[in-house]
Amino acid sequence: MLVGFVPPKFEQVVTYDEHEVLTGSGTWTVPEGVTQVVVVLIGGGGAGGNGNDGTGDFYGGFGTDKYDTQTISIYTSDSAGQTKTGNASITATGSTTEAGTGGTGGSAGSPGKVYQKTIEVSAGETISYICGSGGQSNGSSGEDTVFGEESSASGSAESAGYTDIVTGITYAKSGLPGSDGADGGTAGNNGGDAGEIAGGTGRPSYSNQKNGSDGGSYANYTSTYSVNASVSSSGSGGGGAGGPSGANNGTAGSSSTAPSFNLSVREPSGTGTFIPSKAGSGGKGADGASAALYGCGGDGGGGGGGGGAAGNYNLTVRNNASIKITSAPSSTRKINFSAHVKTYDNYSGSGGAGGAGGAGGDGCIILYYGAQKKIESGPVMDRTGRFILDKLGRRFVV
């Protein structure tokens, strides 16, 4: 008779030593010997939100095309050798605008819901499943994943996601939010940078003047027209850079263009033309990356950069006329002359477009299962078949 001896017993246990990841849709057949399955249902991830456009195109004045016309008269009573003078003068102006602001980045795509449940099954049983599609654009939600009668809709979404205990891969994580676009530069200054991407170069203040003359000989008089044109401008701002999204960069803001100033004198008129410096436009926000893993959210798009500010300007043309009488006319003569200004529209730079949000990842189903195995109770042995004893010489029994 053995004291403390217990006859061997056999226990049925399930060891979850098999692992499958189901995607798409179809049916799954329960393998032989399997009676339980741990099912992890992961819904489709949401798409990242689009980045917002930067602002711009603020009004600083329409172009002008206008004259100041004056008249010098020669009368029958005037004498040869007499000189008459006059002056025509006209001014055109444009106003400084505000700089555009960068658009806000798009929101991170939401993770798919995760639901875990242990279900009883029978060998040879077939179970239909559909893995939910990820959201495709601008914050749209992903669809639910269904396995038999179970649905991911019964679960919840966690930004940290679900880690597969076999592979260590983490599914169903939130996407990344997009970053804001940079503001446009004020007049004369560069646009803002966004991450590694630079804003556009602003154009500094500008001033210039030009002189010209023309004239001719006619019955009763000779004419001379001396014209001066002067312009000053406060410059314009560069466009702000587009915002990044994750590892994706937006585009650079564009730089301001140089102004153009010209004087043309053709009697009896002088024309000053000014094309203001065009402010830089905002850069485009980066597109968000689509999810690379099942159930994860897409990244938000970067915000567009703000347009640079338009600067003010002042253009003035003065035409000084000198009429020298060579003989008295038989009747009064009227000699018209003018100063003429021509300018072009003055607007801030355009705002950059926001980047598109990335698509969410499709859902999946993770299965953990194994066949039932008999576990025999009794003394514990080592690999050579010898009993393992404690320090008092007693056997270990399980």
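Every residue, even glycine, has its Cβ placed from backbone N, Cα and C.
Taken from TrEMBL as is:
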| type | residues | note |
| --- | --- | --- |
| COMPBIAS | 88-99 | compositional bias 'Low complexity' |
| COMPBIAS | 100-109 | compositional bias 'Gly residues' |
| COMPBIAS | 138-159 | compositional bias 'Low complexity' |
| COMPBIAS | 182-202 | compositional bias 'Gly residues' |
| COMPBIAS | 235-245 | compositional bias 'Gly residues' |
| COMPBIAS | 246-258 | compositional bias 'Low complexity' |
| REGION | 82-113 | region 'Disordered' |
| REGION | 134-159 | region 'Disordered' |
| REGION | 182-214 | region 'Disordered' |
| REGION | 230-282 | region 'Disordered' |
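Outside the compositional bias 'Gly residues' (182-202), and at least 6 residues removed from its termini, the chain residues within Cβ reach (under 8 Å) are 54, 56, 96, 99-102, 234-244, 249-256, 279-283, 302, 305-312, 348-349, 351. Taking Cβ pairs closer than 8 Å, the region 'Disordered' (134-159) reaches residues 22, 28, 39, 41-50, 106-107, 109-117, 119, 127-128, 172-174, 291, 295, 298, 356-357, 359-365 in its own chain, all 6 or more past its ends.
Counting same-chain residues at least six beyond the ends of the compositional bias 'Gly residues' (235-245), those with a Cβ under 8 angstroms from any Cβ of the stretch are 48, 51, 54, 56, 99-100, 102-103, 105-106, 176, 178-206, 251-256, 276-289, 299-311, 348-349, 352, 355, 358. According to DSSP, the compositional bias 'Low complexity' (138-159) comprises 3 helix, 5 strand, 14 coil.
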